[in-house]
């Protein structure tokens, strides 16, 4: 079954958020008073065959992976997973190793010589391995189960010096900036259940 498509099936403001080009981190930062990155894991991990195929490296079994939660005013809103071949994480993409809690966007949109493929979109169903992976990571990081059985997601491949980097972003929060006013003058988000830091 094909998961990823060129078609963005979301509606309204959520569709605009999921389909927006440019830096998602910058867009999130503009939606609240404080934007932050929580690193969940970083290092060598087994890859899904679909990830390896998206990288054009179908035989790749293990890659360098960075997983984070993107937060707005302390509320977790997006799960992001970045994947590249291990040698590339020591070469063209070595800067991702030292990001710490800085967003990957600092590298992707702040430097020259990086190309990006068009966005692909998916609605991750609760029975899918990707949904289960995100749900497990989300619960471990926030202490809260995912409220949505279907998760809007997008991905694209960034290439630098012939080295591909796959970036997937899952819009996992049921109430998030795509339902708020996207302006820095907003005093704060509506009342939401607080998650663990």
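Including glycine, each Cβ sits where the backbone N, Cα and C put it.
Residues or ranges marked as substrate binding site in Swiss-Prot: 66, 104, 169. Over all protein chains present, the Cβ of residue 169 (substrate binding site) has 21 other Cβ atoms lying within 10 Å.
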Same-chain shell around substrate excluding 66, 104, 169, C-beta within 8 angstroms of the CB centroid, reads 67, 68, 80, 81, 82, 103, 167, 168
